[in-house]
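Beneath this line is the structure, given in structure tokens, with notes to follow.
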Amino acid sequence: MTVKAPSGYAAIITGAGRGTRAGGEPKQWRDLRGRSVLARSLDAFAGFDRVVLVVHPDDMARAIRDFAGGVTIVTGGETRAASVMAGLQALDGQASHVLIHDGARPLVSDAVIQGVIDALQGGAQAAAPALPVSDALWNGAEGAVTGTTSRAGLFRAQTPQGFTLDQISNAHRLHPDDAADDVELALKAGIPVAITPGSEDNLKITFPADFARAERILGTAMDIRLGNGYDVHAFGPGDHVWLCGVQIAHEAGLVGHSDADVGMHALTDAIYGALAEGDIGRHFPPSDPQWKGADSAIFLAHAADLARERGFTFGNADVTLICEAPKIGPHAVAMQARLAQIMDVDPSRISVKATTSERLGFTGRREGIAAIATAALIRA
Ligand code: MG
């Protein structure tokens, strides 16, 4: 989800700094779990009509390669204020409001952005997120505490900082000297600034340890995987079939290398699919005689264990058997219980249902049974 900004809202993402206090290449270009810091910062503003990215001249080619299309890319100046000014000029008056965001804050949440927008929409001339200071504050010198400072009324400033385009552009023209942030310039220009809720996760990446912290925060994001599976087995000689781990008397059997449990095979493949781990054939080659006549519970248990090894739990699984006969309904609860037992999950997370194919096709002609399955895996 990204915030859908009201029409007329623009965003400026500042990424022109050469700051290397985080170590190595400029922090905003470094990889953070597969995407650059700047890419993550830009993602958060994808729902804005206009987005201007301000980069260092040395990074222009890379910025065009990574972000061209949808984003206006301009080069910044010597100071932060000069870079913001370049972004404001690129908007050329074509916006009512602008949110100015530090590109080194890649984990800004929708709620933080929405809070700024809501304040502006509610009539605030300017609004910016902050967190009240909760630690005690000391004065210190030469490694010793020399005094204390009251934390009452003190806030830690964050971004995005939101303004009307006219007012912040004027403030920058009036006070071209550098400032810690745009709120400081706004105050110098006499613009009142509302404080909106900030977030501890909206950290500014400055030091090497900040990358580790950002990765930990990202690591708590939920990873949800879906997989599907499909299988078919033909009827052959026999007097029973195995379906979802339940033996059912029938006028024919199912042909297969293992016990031909078509439903369990589809479910097993759905789990392997969610893990991007191929299919049953990859883990239990049919060319291997040890799996002849095997209980398919071995396959399902292996897939479920693999999911758990990777840190996943089961959201749910849904199996549909497609056949004219045998009747599945009377066995569905037993199938649900057996699959849940093999996967070691609560039966309420497992669904087994059936349909005919209206006598159409191979299942309709009672030549075999087909099964489809879906599995959802969750890693919190
Ligand atoms: Mg099969």
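Cβ atoms here come from the backbone N, Cα and C positions, even for glycine.
According to TrEMBL, the feature divalent metal cation binding site maps to Asp231, His233, His265. The number of other CB atoms found within 10 A of the CB of His233 (divalent metal cation binding site), across every protein chain shown, is 24.
Taken from TrEMBL, the feature 4-CDP-2-C-methyl-D-erythritol 2-phosphate binding site applies to Asp231, Val232, His233, His257, Ser258, Asp279, Ile280, Gly281, Thr355, Thr356, Ser357, Glu358, Phe362, Arg365. Mapped onto three states, the DSSP output places Phe362 (4-CDP-2-C-methyl-D-erythritol 2-phosphate binding site) in helix.
On the 0 to 100 pLDDT scale, the model's mean across the domain '2-C-methyl-D-erythritol 2,4-cyclodiphosphate synthase' (224-377) is 95. If you look up TrEMBL, you'll see 224-377 marked as domain '2-C-methyl-D-erythritol 2,4-cyclodiphosphate synthase'.
The feature region '2-C-methyl-D-erythritol 4-phosphate cytidylyltransferase' is assigned by TrEMBL to 1-224.
Positions annotated as region '2-C-methyl-D-erythritol 2,4-cyclodiphosphate synthase' by TrEMBL: 225-380.
Summarising the annotation, TrEMBL assigns site 'Transition state stabilizer' to Arg21 (among others).
According to DSSP, Lys27 (site 'Transition state stabilizer') is assigned to a helical segment. Look at TrEMBL and you will find Lys27 (among others) tagged as site 'Transition state stabilizer'.
As annotated by TrEMBL, site 'Positions MEP for the nucleophilic attack' applies to Arg151 (among others). Look at Arg151 (site 'Positions MEP for the nucleophilic attack'): DSSP puts it in coil. A 10 Å cutoff on Cβ-Cβ distances gives Arg151 (site 'Positions MEP for the nucleophilic attack') a total of 13 other Cβ atoms nearby, all chains included.
With a 10 A radius on its CB, Lys204 (site 'Positions MEP for the nucleophilic attack') counts 17 other CB atoms from all the protein chains. Marked as site 'Positions MEP for the nucleophilic attack' by TrEMBL: Lys204 (among others).
If you look up TrEMBL, you'll see His257 (among others) marked as site 'Transition state stabilizer'. Secondary structure from DSSP puts His257 (site 'Transition state stabilizer') in coil. Within the same chain, residues at least six positions away from His257 (site 'Transition state stabilizer') with a Cβ under 8 Å of its Cβ are Pro286, Trp291, Lys292.
Feature annotation from TrEMBL assigns site 'Transition state stabilizer' to Thr356 (among others). Listed in sequence order, the residues of the same chain lying 6 or more apart from Thr356 (site 'Transition state stabilizer') and placing their CB within less than 8 Å of its CB are Ile322, Cys323, Glu324, Thr363, Gly364.
Secondary structure at His265 (divalent metal cation binding site), taken from DSSP and collapsed to helix, strand or coil, is helix. Same-chain neighbours of the divalent metal cation site beyond Asp231, His233, His265, judged by a C-beta within 8 angstroms of the site's C-beta center, are, in sequence order, Val232, Gly256, Ala260, Asp261, Val262, Gly263, Met264, Ala266, Ile369, Ala371. Proximity to ligand 1 at the level of Cβ atoms, with a cut-off under 6 angstroms, picks out Asp231 from the recorded positions Lys204, Asp231, His257, Phe362. Taking the Cα of Lys204 (site 'Positions MEP for the nucleophilic attack') as the reference point, the closest of the recorded positions Lys27, Arg151, Ser258, Thr355 is Lys27.
Among the residues Asp231, Val232, His233, His257, Ser258, Asp279, Ile280, Gly281, Thr355, Thr356, Ser357, Glu358, Phe362, Arg365 said to bind 4-CDP-2-C-methyl-D-erythritol 2-phosphate, no two Cα atoms are farther apart than 31 Å.
Here the candidates are the recorded positions Lys27, Arg151, Asp231, His265, and by Cα distance the one nearest Phe362 (4-CDP-2-C-methyl-D-erythritol 2-phosphate binding site) turns out to be Asp231.
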